[in-house]
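Asker: Take this structure, written in structure tokens, and hold onto it; I'll ask about it next.
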């Protein structure tokens, strides 16, 4: 005859199911007040930013996306962020924007956003965009002015301007600070460096090739 569950077993099972359900269903926590403007100068470390006491309308205002950014760099593209670090009023709201400008032939190189899905709206120009799933399947599309494209959270993606005119998009994120990890810079420009034997084995190349790539992504010394 099987023994019935003890009260302790029942309590443990209920607690586990409660925690598991919460873990599965939870998203960003609900706000407990109207606003929580980020105190970017606080030394207190929390998941996000602590609230500051004195706030103004300027905490919710940013005009940095109005004009194109300078694209005269190696990649021919530039990202101008409007996240919580630029707009403190976004703290706890779970949204942010960026403007991305591309010179003709410019590339926003393969990267990921670990904390957000991204949706872009083309302001001008035409782009080849794509993302790669965890099954290594590539989804690409040519998009033009007025079009929208979505990059699922955490997946590697890119945008390339194959046109002869500049291009620009507005990107929306479901995070106040989505984070960005550029694949090449992460692997070849980290501090401290990723061990050479890891990179040579992962990419099946010699040390000379790795050193050559690292030289292009080495952090700038002050």
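Cβ from N, Cα, C; glycine included.
Worth saying up front: this structure is predicted, and the values here are computed from it rather than measured.
Pulled the feature table from TrEMBL, pasting it below:
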- 108, 113, 118: oxalate binding site (BINDING)
- 111, 113, 118, 157: Mn(2+) binding site (BINDING)
- 36-51: disulfide bond (DISULFID)
- 63-211: domain 'Cupin type-1' (DOMAIN)
- 1-26: signal peptide (SIGNAL)
Asker: Quick one: Cα separation, residue 36 (disulfide bond) versus residue 157 (Mn(2+) binding site), in Å?
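Answerer: Between the alpha carbons of residue 36 (disulfide bond) and residue 157 (Mn(2+) binding site) there are 32 Å.
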Asker: Hey, for the oxalate site built from 108, 113, 118, who else sits with CB inside 8 A of the CB center?
Answerer: 98, 111, 112, 120, 151, 157, 171, 173, 178, 180
Asker: Take the domain 'Cupin type-1' (63-211) and average the pLDDT across it for me.
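Answerer: Over the domain 'Cupin type-1' (63-211), the predicted model scores a mean pLDDT of 97.
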Asker: Between the Cα atoms of residue 157 (Mn(2+) binding site) and residue 108 (oxalate binding site), find the distance and write it as a whole number of Å.
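Answerer: Cα to Cα, residue 157 (Mn(2+) binding site) and residue 108 (oxalate binding site) are separated by 9 Å.
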Asker: Suppose we draw a 10 Å sphere around the Cβ of residue 157 (Mn(2+) binding site). How many other Cβ atoms does it contain, all chains included?
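Answerer: Excluding its own Cβ, the number within 10 Å is 22.
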Asker: Summarise the domain 'Cupin type-1' (63-211) by DSSP state, stating how many residues are helix, strand and coil.
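Answerer: In the domain 'Cupin type-1' (63-211), the DSSP-based counts are 22 helix, 58 strand, 69 coil.
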Asker: Just name the winner among 36, 51 (the disulfide-bonded residues) by count of other CB atoms within 10 A of its CB.
Answerer: 36
Asker: Which residues in the same chain, at least 6 apart in sequence, have a Cβ under 8 Å from the Cβ of residue 108 (oxalate binding site)?
Answerer: 75, 77, 79, 100, 102, 158, 159, 160
Asker: Would you list the other residues of this chain near Mn(2+) - those whose C-beta lies within 8 angstroms of the C-beta centroid of 111, 113, 118, 157 - in sequence order?
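Answerer: Nearby residues not in the site list: 112, 131, 151, 155, 156, 178, 180.
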